[in-house]
Amino acid sequence: MEVALEDNNLMEKVVLTPDEQEMDVELEAKEKKYLRGEGANLETLKDKKLKTQLASREKLYGKSAKAAAKIEKWLLPASAGYLETDGLEKTWRIKQTDIAKEVDILSSRNQYDIVLPDFGPYKLDFTASGRHMLAGGRKGHLALVDMMNMNLIKEIQVRETVRDVAFLHNDQFFAAAQKKYAYIYGRDGTELHCLKERGPVARLRFLKNHFLLASVNKIGQLHYQDVTYGDMVASIRTGKGRTDVMEVNPYNGVVALGHSGGTVTMWKPTSQAPLVQMQCHPGPVSSLAFHPNGHLMATSGKERKVKIWDLRKFEEVQTIHGFHAKTLSFSQKGLLAAGTGSFVQVLGDSSGAYSRYMSHSMVKGYQIEKVMFRPYEDVLGIGHSMGWSSVLIPGSGEPNFDSWVANPFETSKQRREKEVHLLLDKLPPETIMLDPSKIGAMRPSRRKEKPTRGEVEAEKEVAIEAAKSVEMKKKTKGRNKPSKRTKKKKELVENVKRTFPEQEHSAAGKKRRIGGEDDAAAELPACLKRFARTN
Amino acid sequence: MRIKTISRSVDEFTRERSQDLQRVFHNFDPSLRPMEKAVEYQRALTAAKLEKIFARPFVGAMDGHRDGISCMAKNPNYLKGIFSASMDGDIRLWDIATRRTVCQFPGHQGAVRGLTVSTDGNVLVSCGIDSTVRLWNVPRPSLEDSDLSSEKSAEPSAVYVCKNALLAVDHQFEGELFATSGAQIDIWNHNRSQPVHSFKPGNDSVISVRFNPGEPDILAVSSNDRRMIIYDIRMSSAAREIRMQTKTNSIAWNPMEPMNFTGANEDGNCYSFDGRKNEEAKCVHKDHVSAVMDIDFSPTGREFVTGSYDRSVRIFPYNGGHSREIYHTKRMQRVFCVKYSSDATYVISGSDDTNLRLWKAKASEQLGVILPREQKKHEYNEAVKNRYKHLPEIKRIVRHRHLPKPIYKAIAESRAVNNAKKRKDDRRKASSAPGTIVTKPLRTRRIINEREVE
């Protein structure tokens, strides 16, 4: 039972109920998220004024994190969706038709199939708020749809192959990768720009914070273009050949390409060499997806495995056997959808590792081209060879949107204001890096100590061992004499030793000076001999 | 099977009538905002640039005097007015809003050296090198003053004659006494024609006087023999004195921390002292290249403004070693007096070129009525700029000031001289036995001695 004791002196002792304790723990866990990392270590500071200033600032951060945690607990209007089964029923056996019976009418409107058999496999893209969708059919059909009231805003037939579609910063502009070039269209279907520089584009993606339109073309070149003033920021020759697997990591703006050799390379516009190269699969990488928190990446290869990678350590976390996913997509809440053939599997990580959550199989002839989760809704959009469909996946979308980040109920005035603010906050392409939290951080001081003599010796030993253990090529036709082999080995070791010469000389020099004052005196010219230092 | 999906009804998330406000929803989750640090940095950069774009500190000049301005006084009860006196004996009351003279107080023969107003704002006290102290009744501002053509002139209500020329005057904060200084320090009452007390600190003239805002009986004076002396007027002799290497031209007490005072010194630095502990200065404020002539604290106690012989006006933080702002014009010559307005928004400088100049205390501040949304945006910009102002790109923009060439060259020269001196001292220290050469910090180096007089 809860007992509130009051001491005579000063303190009130309150014993919490288990419920309250649970709430405290929950709030603390939420607080951690809002604190965004550890506080600074103030013990090492010697400057008292700075210490007090930083201490008061840290206190302020703690207070605001507490307030944000409380707001999240009590004030958010909606809660996340879920699908729970009781007894022996498994969630992945539940069909969309069963779900349709249980949910309300607004949600059931989100389940549909749109059949357009003439215009080829469809690629989809959603705006950041999930309100508008762009569907591009391979045979040239582009359709801009308002998802809230299922209005077709504009559809155009470009009469050319369309390989990919992407929205720019809002629904007013979109880009389509057509047969020879990529084009930018306005919301009313007018062709605004023809992007000739890029060549025949295979994939188009837009980096929202930087206003960069990234594309990879049929030759394997990566292009970044700033769409605010049209400058081509970077064109990078990847050197790895043709690929059409390209995704953007939303956490840090890095573009990842999946190649036919099974490597995944990550690029930033300011360097010609990739940031990271990972060997992910023995065969070609067929698709790629990034978790919104930026730490997880899912790749699938033609050998019927889907692998989940941790991007902080670049290590494999999990392998899922059994199917080869032509398309992968992560939802805002971390569910992974994989589409193969006419079958979509949705995996969830409620138990720590990704396991089967739901599945949906379409009509046998429908070949799935792209799956993409709709932001802020529990909906998965599927683009396939006979049109596009939408299915309900409870628990995939973020239930509470922030009006200043993405507002599905935007008015045109709000949209215009937001565009101006987005442009003011546009980041320069130099801010794309693997770890975005480095911005604003101080560089560690460069006062690296000179390595001690012992350390240098150790390094030298290691290098000599490495040189000695190098495998020599076995030469034929009488060139493989033992004397020549030993000579060559000695040469290698000498080369390695030569890279450590300065230490010896300076160390020896110092020894001489410290050891013998007479030597120092001997070095001076005769007239200065009387000024030589004597102990 | 239990199932729930997100379903949002349009009514909950949009407004009912066009007269309603738009609904705004917040979710502070950091995962919804990727790259928030980079966006914040970008905003800090934009804020720093905008601050520079909007930095227009000069508001206007008040001209009318016919000789250089020697001293100013601010009326504690009337925000719009300021008194100024010039080297030819002309005292004027200015209306800052219209930048016109409201009233003139003629009468002094010769330079007016000190000007002060009583706490209730009714009596103006002035003293000059003609050895007189004059008391004037300050006219109440009324509706007739809006007629700009009339410039009233007043008669002194009392004239007291002394033996020597007087150099400074200051009024007690909560009392009826005022102090004048010249050859000695005299404490007067309004109604008596002879001083009530007298203190003689030495043989040299006393050049400035200041009463403490917190303790009405404590007084700080600075004399020509390089001493700063603190008196308690209830006692017959000085309480404490500090002797420095160069003389202090002016002293100001911190209104929010009345035990601390700052002295404007002849060597170009300002020294802040704790009145209770004088062995070392609390802080040395260095930036002027020539003698600092006058100093005044802001009513918030967080900043003070200094005017110097090198034709510039600087604003310093109360605990910082370097100035946050410098104001200069081609037309402004030697600055002899400065005042910080009582609403902490303006700085007024009086200089040798017979003009009083009005400057904004914060150069990029938007004056006038600001909407709450604008106010929030200004505060946000300020906060985000302060968070990243140590980074090189932003620091370069925030620190950048245009300096007049003589000051720029003088700073470069003094830097070269100081570096050479420092190098020599370092070498001397390095080649002597450790512990023999001790460098005194600047806070104590300039003090010759200090003593507590019993």
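Using N, Cα and C of the backbone, Cβ positions are placed for all residues, glycine too.
Same-chain residues lying 6 or more positions outside the repeat 'WD' (B:62-104) and placing a CB less than 8 Å from one of its CB atoms are 110-117, 119-121, 124, 126, 128, 130, 136, 138-139, 141, 145, 148, 151-154, 333-334, 336-339, 341-343, 346, 348, 350-358. The repeat 'WD' feature in TrEMBL is assigned to B:62-104 (among others).
Among the features that TrEMBL reports, repeat 'WD' is placed at B:105-146 (among others). Residue counts for the repeat 'WD' (B:105-146) under DSSP, helix first, then strand, then coil, are 4 helix, 19 strand, 19 coil.
For the repeat 'WD' (B:285-316), the list of distant contacts is 249-257, 262-272, 322-328, 332-340, 342-344, 347, 349-351, 359, 361, 404, 406-407, 410-411, 414: same-chain residues at least six beyond its ends, Cβ to Cβ under 8 Å. The repeat 'WD' annotation in TrEMBL covers B:285-316 (among others).
Residues belonging to the repeat 'WD' (B:328-369) score a mean pLDDT of 95 in the model. The repeat 'WD' feature in TrEMBL is assigned to B:328-369 (among others).
Among the features that TrEMBL reports, domain 'Sof1-like protein' is placed at B:361-447.
Annotated region 'Disordered' per TrEMBL: B:418-437, in sequence order.
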- Task: Go ahead and report the DSSP secondary structure tallies for the repeat 'WD' (B:328-369): helix first, then strand, then coil.
- Result: 0 helix, 18 strand, 24 coil
- the repeat 'WD' (B:285-316), counted residue by residue under DSSP: helix, strand, coil: 0 helix, 18 strand, 14 coil
- Same-chain residues near the repeat 'WD' (B:328-369), Cβ under 8 Å, at least 6 residues beyond its ends: 50-63, 65-74, 76, 79, 82, 84, 86, 94, 96, 99, 293-300, 303-309, 311-313, 315, 378, 403-404, 407
